[in-house]
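The structure under discussion appears below in the form of structure tokens.
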Amino acid sequence: MSGSSLRRVAVFGATGSIGASALDVIARHPERLRASVLSAGSKVDALLALCVQHRPAHAVIADAALYPTLRDGLHDAGLTTQAHAGDQALDALAASDACDTVVAAIVGAAGLSSTLAAAAAGKRLLLANKESLVLAGELLTRTAAAAGAEIIPIDSEHSAIFQCLRSCDASRGVRRVILTASGGPFRGRQRAQLAEVTPAQAVAHPKWSMGPKISVDSATLMNKGLEVIEAHHLFGLPGEQIDVLVHPQSLVHSLVEFVDGSTLAQLGLPDMRTTLAVGLAWPERVESGVGGLDLLQQGRLDFEAPDTGAFPCLRLAWDALRAGGTAPAILNAANEVAVSAFLQGKVGFLAIPALVEHTLTTLQRQNADTLNTLLFADAEARRTTERALAHHSLHA
């Protein structure tokens with residue numbers, strides 16, 4: 001991108017933590033980046049505040065009942081921003097000339113449709129929505145390839161692999177990729193010690209500032225399991241070439257090992273603004289607001305194997321990847337229901353993997369040929385997990 005061109009960015013999920021980081025980077029470069037579309041699920045007041053600050057051309061609220069509040073709020077603020085509501089409006093804007101880049105940061109399966117719409121329209125897609133790849137990875141990558149869309153991952157691990165692979169013309173010489181995990185707030189605890197974990201403890205991540213659902217996924221290691229499935233789709237690697245290491249300092253974000261024995265790693269402070277700056281400006285580099293890494297001050301880098309006995313969600317993700325078809329969609333849907341129940345205090349922490357495993361073993365995988373097949377599997381998995389919530393033995 002030349003210095004004189006202006007990249008118009010749609011930030012889907014603008015009121016979340018990733019959206020805030022994206023808007024921080026965009027605001028630092030008004031000469032080359034503009035937030036042209038902002039969306040939120042139901043936080044209409046927060047969306048209005050962002051519109052006042054960033055003055056996008058369009059604002060979308062997913063909850064159609066809040067459309068009058070958004071429309072009137074924009075008018076009262078004296079903004080020319082056009083108000084929209086509902087998923088269809090989001091999809092239409094993703095595919096329109098209102099943007100050339102989409103930050104896909106809507107949490108959960110709700111973000112899939114707009115992500116696919118952006119890919120089908122050939123946009124640069126900064127992908128933070130893990131579920132799009134886990135639920136429909138083959139469909140998304142195929143759609144993007146056909147339309148010439150560019151998928152740039154912005155979670156730290158896949159961004160690290162992206163940067164390592166793009167640093168040289170050696171993608172065919174990859175022996176394996178190694179995703180790093182912080183281990184979450186409960187690293188080192190035995191399984192029995194996890195029974196009394198509370199939602200407040202689970203969302204208190206030691207390194208990253210994230211939303212509640214992703215924080216719980218990090219605590220269970222499901223986040224890393226989903227990233228294994230993502231890496232399979234993003235980089236075209238079989239599961240056997242994707243490993244996981246626990247790295248509590250969260251400074252080495254991932255590594256790529258080549259067949260000649262060389263290993264490249266990407267390091268940096270744990271701040272999403274770095275990876276967002278990579279995606280927004282690639283192949284150029286721009287200031288992100290994140291400081292450099294002082295290895296002398298950090299002192300040490302530690303690595304250890306993940307404990308899949310205490311944290312079985314990582315193993316369940318490997319199982320789903322090996323099974324293929326709709327199994328990853330089933331895994332993801334069951335996990336969303338289980339995590340929601342945990343955050344509401346309905347079940348304990350250990351019930352999350354128990355519920356996911358129950359649904360994975362109960363439902364038969366199908367070939368993931370169409371989006372309808374995947375969405376049906378998603379809905380069926382949610383129903384199965386909801387029914388299992390009433391089963392006392394799963395509430396460990």
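In case you wondered, yes, glycine gets a Cβ from its N, Cα and C as well.
Residues ASP155, GLU157 are given by Swiss-Prot as Mn(2+) binders; from GLU131, GLU196, GLU227, that same site also lists GLU227. Binding of NADPH is attributed by Swiss-Prot to THR15, GLY16, SER17, ILE18, ASN129, GLU131, GLY211, and the same site annotation extends, among GLY41, GLY148, GLY188, to GLY41. Within 8 Å of the Cβ centroid of the Mn(2+) site, not counting the listed residues ASP155, GLU157, GLU227, the chain contributes LYS130, PRO153, SER156, HIS158, SER159, LEU179, ASN223, LYS224, GLU230, ALA231, SER254. Within its own chain, GLY16 (NADPH binding site) has ALA105, VAL107, GLY211 as residues 6 or more apart in sequence whose C-beta sits under 8 angstroms from its own. Nearest neighbour of GLY41 (NADPH binding site) by Cα distance, taken over the binding-site residues LYS130, ASN223, GLU227: LYS130. Taking the Cα of ILE18 (NADPH binding site) as the reference point, the closest of the binding-site residues LYS130, ASP155, ASN223 is ASP155. According to DSSP, GLY41 (NADPH binding site) is assigned to coil rather than to any helix or strand.
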